Amino acid sequence: MAEPVRVLVTGAAGQIAYSLLYSIAKGDVFGKDQPIALVLLDIAPMMPVLEGVVMELQDCALPLLREVIPTDKGEVAFKDLDAAILVGSMPRRDGMERKDLLKANVAIFKSQGESLEKYAKKTVKVLVVGNPANTNCLIAAKSAPSIPKENFSCLTRLDHNRASSQVAMRCGISAEFVKNVIIWGNHSSTQYPDVHHCKVNKQGKDVACFDAVKDEAWLKGDFISTVQQRGAAVIKARKLSSAMSAAKAICDHMRDIWTGTQEGNFISMGVYSTGNSYGVPEDLIYSFPVTIKDKTWKIVDGLAINDFSRAKMDATAAELVEERDTAVSFLGV
Ligand SMILES: NC(=O)C1=CN([C@@H]2O[C@H](COP(=O)(O)OP(=O)(O)OC[C@H]3O[C@@H](n4cnc5c(N)ncnc54)[C@H](O)[C@@H]3O)[C@@H](O)[C@H]2O)C=CC1
Ligand SMILES: O=C(O)CCC(=O)C(=O)O
């Protein structure tokens with residue numbers, strides 16, 4: 001059997017991690033034959049809670065889980081990593097915008113980027129989940145200059161899954177029959193869920209989403225705002241932010257990095273924008289449609305962009321430029 005992959009989850013005593021760790025440990029992400037060493041980082045006051053999580057992982061008696069390492073120390077957590085899933089940070093409460101989190105959370109990602117630089121393998125794949133996810137990811141990447149920027153990505157797969165599911169429900173079909181929705185831009189309420197290239201499989205045939213849904217006003221109106229506001233709607237209802245669906249999206253994202261995307265399908269993730277062909281400003285982590293092969297993503301080029309889409313792509317880019325500049329002014333990176 002293969003050597004264990006060493007996987008870090010930060011915020012390991014929190015609610016997303018509680019939904020996530022079982023799926024990783026049972027092989028849903030890195031493969032059913034791939035042993036795993038799971039490193040769990042949280043802050044010192046959470047160590048007693050983390051001990052409980054470790055006990056539960058042990059009690060699952062999972063064959064692939066070779067080692068569980070709980071810690072509050074960066075030098076232990078980031079050592080020799082193959083994959084890092086950076087969840088730990090402060091979540092948004094009802095009434096807060098993601099920008100409110102910027103100051104508190106970017107400092108965490110600067111310090112974790114520095115730890116990746118010092119201790120992780122240069123091949124480590126880093127997924128940033130903690131909000132504001134795009135800007136935190138950019139700051140972590142900038143703080144780890146010897147790790148290629150392409151190894152860093154942020155989670156917009158939850159938005160992607162939300163968009164697929166909204167279209168599927170509208171058509172009365174399962175979400176597996178909806179492919180190639182796109183989330184452009186920021187994981188925030190300015191994101192642009194775009195269905196101009198989306199296909200819906202109806203009775204075995206791929207049909208353009210606009211023809212399948214037959215309601216352009218909905219697709220250009222309530223559909224977009226529902227996806228943009230879904231995180232806030234869940235917070236309002238649960239008084240806590242999305243956790244089960246976030247964990248599922250993290251698994252989808254990291255599994256696609258590890259094993260690649262299916263031929264003809266693309267997915268959305270926040271990646272480094274420098275060199276993109278869509279006129280998005282450089283030096284951002286911006287969500288694009290990507291395909292993945294050999295653990296390497298590639299932005300899907302050549303998709304037609306109409307004026308409606310252009311305006312929304314530019315608006316979310318402008319928000320990211322502002323977030324980046326604010327973060328840089330806080331941190332001086
Ligand atoms: N990108 C996305 O699609 C989504 C992102 N999120 C974000 O994920 C983050 C975590 O959410 P939850 O698990 O619900 O929050 P939570 O509050 O339940 O858990 C966060 C955990 O992170 C820990 N933590 C705080 N600072 C840390 C540090 N410096 N190092 C390590 N651990 C640290 C806390 O002690 C806590 O255990 C939030 O920022 C939330 O906004 C949530 C849902 C979706
Ligand atoms: O909206 C938030 O701030 C937390 C949860 C989240 O990012 C989401 O559900 O999309």
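Don't overthink the numbers, they just go from 1 along the chain as shown.
The backbone N, Cα and C atoms fix where each Cβ goes, and this holds for glycine too.
TrEMBL lists 5-152 with the feature domain 'Lactate/malate dehydrogenase N-terminal'.
According to DSSP, ASP42 (NAD(+) binding site) sits in a coil region rather than a helix or strand. Listed in sequence order, the residues of the same chain lying 6 or more apart from ASP42 (NAD(+) binding site) and placing their CB within less than 8 Å of its CB are THR10, GLY11, ALA12, ALA13, GLY14, VAL49, LEU50, PRO70, ASP72, GLY88. The NAD(+) binding site feature in TrEMBL is assigned to ASP42, ASN105, VAL129, GLY130, ASN131.
The number of other Cβ atoms within 10 Å of the Cβ belonging to ASN131 (NAD(+) binding site), over all protein chains shown, comes to 25. Residues or ranges marked as substrate binding site by TrEMBL: ARG92, ARG98, ASN131, ARG162.
Note on the domain 'Lactate/malate dehydrogenase C-terminal' (156-330): its mean pLDDT in the predicted model is 97. Annotated domain 'Lactate/malate dehydrogenase C-terminal' per TrEMBL: 156-330, in sequence order.
Feature annotation from TrEMBL assigns active site, proton acceptor to HIS187. Reduced to three states, the DSSP call for HIS187 (active site, proton acceptor) is coil.
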Inset, instruction - Find the longest CA to CA distance in the recorded NAD(+)-binding set ASP42, ASN105, VAL129, GLY130, ASN131; express it in Å as a whole number. - result: 16
Inset, instruction - Would you mind sorting out which binding-site residues among ASP42, ASN105, VAL129, GLY130, ARG162 put a C-beta under 6 angstroms from ligand 2? - result: none
Legend entry - Spatial neighbours of ARG162 (substrate binding site) that are distant in sequence (at least 6 apart) but have CB under 8 A: PRO193, THR226, VAL227, ARG230, SER245
Inset, instruction - Report the member of ARG92, HIS187 (the recorded positions) whose C-beta atom has the most other C-beta atoms within 10 angstroms. - result: HIS187
Legend entry - Fewest Cβ neighbours within 10 Å, where candidates are the binding-site residues ASN105, VAL129, GLY130: ASN105
Inset, instruction - Could you put numbers on the helix, strand and coil content of the domain 'Lactate/malate dehydrogenase N-terminal' (5-152), residue by residue per DSSP? - result: 66 helix, 28 strand, 54 coil
